[in-house]
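In what follows, a single structure is set out as structure tokens and then discussed.
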Amino acid sequence: MMLGLVDCGSWLVFLAYITLFVNNNLLIVLTKDEQDGYSYSTVLVTLLIELFKLMVAVIFYCLKYSFAKLITDLQSNNSGFAFYLLPSALYSVFNNLAFLNLAYFDPTTYAVLLQFSIVVTGVLYQYMFKRDLTWLQWISLLVLTSGCILTHFKESKEVLFKLRDVFILLQVLCSSFASVYNEYLLKSYSSQVDFWLQSVFMYTDTSLCSVALMIAMGRLSPAMLTTSSMRSMFQPMVILIVTNNVTAGLVTGVFLHKLNSVLKKFAVAIEMIIIAVLSKFLLGTAVEISTAISVLLVSLSIILYSLNPLGSEREKVVRPDLKCSNGVGY
């Protein structure tokens, strides 16, 4: 039972997650200009992604039930908007930082640096779910972290703490807290609120948070709606980024609903290896010997974790202020 993936559905979600996020990093890098900037508004792209996710979630819920039921359930479960505000804000910051950090780092280095969230996720998972990780699971996480650090060995010799390091650290913290807390919400309330209704809560909040970030950054202006600005949104690569991110966001929700945040970190580690290989062939990024050794360490960590994976049991939390849907979960 490799990595605790027990059926075809789990494997499909796992592989889809890896594929989509590999695509995301490479697509963003491919749209950079010679000055390592972007010819389109990244904050507007982020907002469009969240709005399309919301639209898809609404469509799926209405197909499953009806539009009238959607309105009724939103009114009777309006506290869900408050529950999802924190992870939504964190995801909004994370998504905007992805464009910024990929302008500073090559795809492989970027993927490696994000792996520092692994141990943070392990600690948060224990606290939120009251389920202690075994010594073997901790060893696998530490081996995985070691493999990630080794890949970045040359970069780590730089002792100067730069502003870009603050941005990547902020993205790491956003990723860890948002992922575990979102999983907690999805699994704690899945017996009472439909998965797609939870997605409506999430993407409504992320859309609002994206607008709030645009205002805070001074990016919400009439200049964003000019002909040239809107035309840049219809570049083929930008359309691919939006489409890929919308799909990736929905798959992430299913991933956390069916699997867990710790397993998500192993998916990201495998993603890192694939990015390193593809960057070599597509972008001409050099693959160091340390990267090859890290592949072995990551593979070892996967084997160790597979010997004692986290189960899929869920801790149900019954809340009187959340009303049951006619159907349960996803």
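Numbering starts at 1 and runs along the chain as it is shown here.
Backbone N, Cα and C define each Cβ position, glycine as well.
The annotation transmembrane segment is assigned in TrEMBL to 12-30, 42-61, 81-103, 110-129, 135-153, 165-184, 196-216, 237-256, 262-282, 289-307.
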Remote residues contacting the transmembrane segment (196-216) - C-beta distance under 8 A, at least 6 residues beyond either end:
43-44, 46-47, 50-51, 53-54, 57-58, 60-61, 64, 70, 73-74, 77, 80-81, 83-85, 87-89, 91-93, 95-96, 182, 185-186, 189-190, 249-250, 253, 325, 330
Under 8 Å between C-beta atoms and at least six residues away from its ends: which parts of the chain pack against the transmembrane segment (237-256)?
13-14, 16-17, 20-21, 23-24, 27-28, 30-31, 40, 45, 48-50, 52-53, 56-57, 95, 179, 182-183, 186-187, 195, 198-199, 202-203, 264, 267, 330
Where among 42-61, 110-129, 262-282 do we find the most Cβ pairs under 8 Å to the transmembrane segment (12-30)?
262-282
